[in-house]
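TrEMBL has this to say about the protein:
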type    : residues                                                     : note
DOMAIN  : A:33-278                                                     : domain 'Aminoglycoside phosphotransferase'
BINDING : A:N40, A:K57, A:E111, A:D112, A:L113, A:D246, A:P247, A:E248 : ATP binding site
BINDING : A:D229, A:R346                                               : substrate binding site
2 protein chains.
Amino acid sequence: MSAYHPLNEKEAIQIARSLEGVFAEGAELTSREIGDGNLNLVFHISDPVEGTSLILKQALPYAKVVGESWPLTLDRARIESEALIQEGKLAPGLVPAVYNYDPVLALTVMEDLSDHVIMRRGLIEGGRYPLFAGHISTFLANTLFFTSDLGMNQQSKKLRVREFINPELCKITEDLIFDHPYTDADTNSFDETIRDEAQVLWNDGELHLEVALLREKFLTQAQALLHGDLHTGSIFIKPDSTKVIDPEFAYYGPMGFDIGAIIANLLLNYAARDHWDADENARRDYRSYLIGTIREIWTQFDAKFRALWEENKTDRLLSSAPGYKDDYMKRLLQDTVGYAGSKMVRRIVGLAHVADIDQIPDAKSREHAQRLALSIGKQLIKVNRKTASIEELIQIAETSAESVKA
Amino acid sequence: MSAYHPLNEKEAIQIARSLEGVFAEGAELTSREIGDGNLNLVFHISDPVEGTSLILKQALPYAKVVGESWPLTLDRARIESEALIQEGKLAPGLVPAVYNYDPVLALTVMEDLSDHVIMRRGLIEGGRYPLFAGHISTFLANTLFFTSDLGMNQQSKKLRVREFINPELCKITEDLIFDHPYTDADTNSFDETIRDEAQVLWNDGELHLEVALLREKFLTQAQALLHGDLHTGSIFIKPDSTKVIDPEFAYYGPMGFDIGAIIANLLLNYAARDHWDADENARRDYRSYLIGTIREIWTQFDAKFRALWEENKTDRLLSSAPGYKDDYMKRLLQDTVGYAGSKMVRRIVGLAHVADIDQIPDAKSREHAQRLALSIGKQLIKVNRKTASIEELIQIAETSAESVKA
């Protein structure tokens with residue numbers, strides 16, 4: 001196994017067995033390939049007798065999205081495992097433990113989380129996770145603060161920036177989030193029933209200016225080590241545990257991109273509730289749960305980030321200049337709002353969609369969810385630089401849910 | 001010569017002789033070490049018979065500034081030679097030609113420019129360089145545009161960012177420009193007669209907020225490959241030629257830092273004219289030459305940068321979003337103003353000063369120049385985010401020259 005090749009199940013078991021102290025000597029191991037085959041092989045290796053298990057994740061040298069396939073660097077496995085290790089140190093318990101990384105095979109051995117569910121699926125099914133806002137705000141505050149110039153040695157940070165230069169994965173984001181939805185690109189994908197909405201996106205100059213500013217920041221602002229793809233499909237959850245997975249898009253970028261991603265995906269679910277909830281009361285109730293979660297994520301993040309800053313005055317001037325901290329937090333909120341909007345829009349007209357909306361079987365309900373998500377997304381993008389409170393984002397969501405009728 | 005060691009003149013000659021096609025076979029070469037010994041050895045190697053010559057510049061493993069000495073990476077020689085090569089491609093004729101780079105010896109062999117003078121010296125002596133604004137605005141527009149996400153492949157740019165990660169040299173700037181002048185730091189150096197001015201700097205909260213924002217941008221904004229130390233001591237000049245030298249501080253940072261540096265150094269000379277010019281008419285005349293140069297630098301830079309953008313629409317969205325270009329250029333101007341102010345302040349109260357002011361022998365005149373420079377610098381920092389035209393910067397300089405009396 002000295003050269004890179006996609007592993008088979010037998011090899012995966014052999015590697016798992018070679019790890020010290022995981023499985024009992026001579027245990028009968030089984031392997032199940034549980035990846036979707038689009039980007040990675042994912043082997044679930046277990047000893048059914050002892051009930052022990054782990055995951056082997058191997059990067060494939062290509063990406064497949066919605067039928068298209070293009071070559072993709074194996075280096076993303078290094079970035080992913082290194083990001084998981086960093087995040088695990090900064091936010092203990094909130095990412096899977098990494099047991100080993102093999103650079104030649106682009107292979108990460110990590111904790112098995114099959115007792116958790118993918119959060120997107122959990123939300124679609126109406127699950128509630130009262131600890132989630134606390135967990136994710138800690139994850140965001142700790143990973144973003146301690147990888148930024150506010151919370152770590154600024155010379156070491158520059159070496160970290162170098163280590164996480166991630167051109168190919170960033171290119172995917174730059175194209176699919178910050179370009180294609182705003183022009184008649186071949187990669188776009190949307191139901192013909194909302195072609196009118198797509199055409200509005202392609203011709204809205206005010207929107208293009210705001211997206212250009214958000215794109216510029218994504219391209220240039222090395223503010224903190226981001227997860228880079230923090231949607232609800234990148235989160236394993238159960239009532240008492242939250243685990244952030246799959247940071248292969250990690251790079252140094254604007255903090256608001258991560259915070260906005262998680263809020264956008266809660267709002268996408270919010271937009272889809274007309275279908276998923278049995279009646280109006282249930283829908284109202286679940287929407288209010290989602291809104292409460294969003295409010296808690298921001299307010300807890302804001303409080304935790306400020307507290308870390310107070311406790312760790314790494315940078316003399318940035319910790320003492322009057323008004324600087326408030327100005328910084330205001331800009332973080334504005335970025336969060338702008339990126340949340342961008343992440344919503346791309347999931348409706350761009351290449352990759354979300355199950356919350358795409359899996360609505362009824363065409364009319366699906367169309368309504370799409371129009372509502374676009375309405376919220378566009379407004380968030382347009383107001384981002386004027387936002388002063390998370391309540392403004394919430395009001396946009398609630399007002400849109402009232403005004404965009406099925 | 002297989003391991004790093006500081007060269008002696010005999011070795012320097014031997015290396016020069018080994019370069020093909022430079023000196024005639026068997027020529028009698030002479031060597032003169034012309035560096036200041038603080039950061040680098042600089043050997044001037046020439047064949048007096050043929051009149052051919054070149055420069056060998058070798059990095060020393062330490063820095064000495066005003067008596068202090070600290071270790072400094074030899075990697076800066078790689079960064080300097082690589083930056084010179086990039087700049088030479090993008091702005092032909094405006095940097096010395098690089099003939100060879102030896103990574104082990106941290107040695108760059110380059111064009112001899114001894115027929116030029118250091119611009120700082122030329123300005124002190126009242127020299128006028130009518131082509132300078134044209135040259136430096138071309139240098140700035142070409143090097144900044146074509147290394148940014150606006151003018152080059154955005155994935156290649158990320159690899160360029162990685163190549164120019166420059167923690168140690170950036171640390172010098174972060175400390176000496178964006179921190180120490182604003183606190184009672186040991187490294188600060190100023191005449192006791194202006195201690196009142198220094199104390200104001202240490203306690204001006206409004207100023208600290210603006211400097212914090214400029215510092216943040218210097219730490220995080222990977223906008224373009226900067227020269228990083230573009231003062232008039234980094235420019236060799238004669239009436240028909242401008243050569244930018246010494247880019248060892250090169251890294252990916254905010255464009256306005258380079259533009260502001262050159263403007264700051266013209267304004268430092270402006271502040272010193274009371275001493276250097278024989279009478280009031282001569283002073284007024286030279287100041288108006290300096291102001292005219294500053295105006296031309298910005299307006300020509302602005303026009304050339306916009307023209308490059310029109311001709312090279314590398315980024316679809318950033319080239320088509322209505323109002324984005326104007327917004328971008330406005331922010332560049334604002335950064336330029338803010339960084340110009342920061343570069344002025346540090347030269348009066350910080351560790352490293354400028355000859356334009358420090359070499360004024362008369363204490364009263366020197367103090368006046370210092371107070372004037374500080375007045376201009378502080379105002380530029382404070383107005384930076386509100387500036388809409390280069391005329392506002394010029395007015396601050398001219399009004400201060402009237403109001404800060406000797």
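Including glycine, each Cβ sits where the backbone N, Cα and C put it.
Known features from TrEMBL, placed on the structure.
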residue: A:N40; record: ATP binding site; CB count, 10 Å: 22
residue: A:K57; record: ATP binding site; CB count, 10 Å: 26
residue: A:E111; record: ATP binding site; CB count, 10 Å: 17
residue: A:D112; record: ATP binding site; CB count, 10 Å: 16
residue: A:L113; record: ATP binding site; CB count, 10 Å: 19
residue: A:D229; record: substrate binding site; CB count, 10 Å: 20
residue: A:D246; record: ATP binding site; CB count, 10 Å: 23
residue: A:P247; record: ATP binding site; CB count, 10 Å: 27
residue: A:E248; record: ATP binding site; CB count, 10 Å: 26
residue: A:R346; record: substrate binding site; CB count, 10 Å: 24
- Query: Max Cα distance spanning A:N40, A:K57, A:E111, A:D112, A:L113, A:D246, A:P247, A:E248 (ATP binders), Å?
  - Reply: 18
- A:D229 (substrate binding site) and A:K57 (ATP binding site), Cα-Cα, nearest whole angstrom: 17
- Query: A:D229 (substrate binding site) to A:P247 (ATP binding site): how many Å between their Cα atoms?
  - Reply: 7
- Item | Cα-to-Cα gap, A:D246 (ATP binding site) vs A:R346 (substrate binding site), nearest whole Å | 20
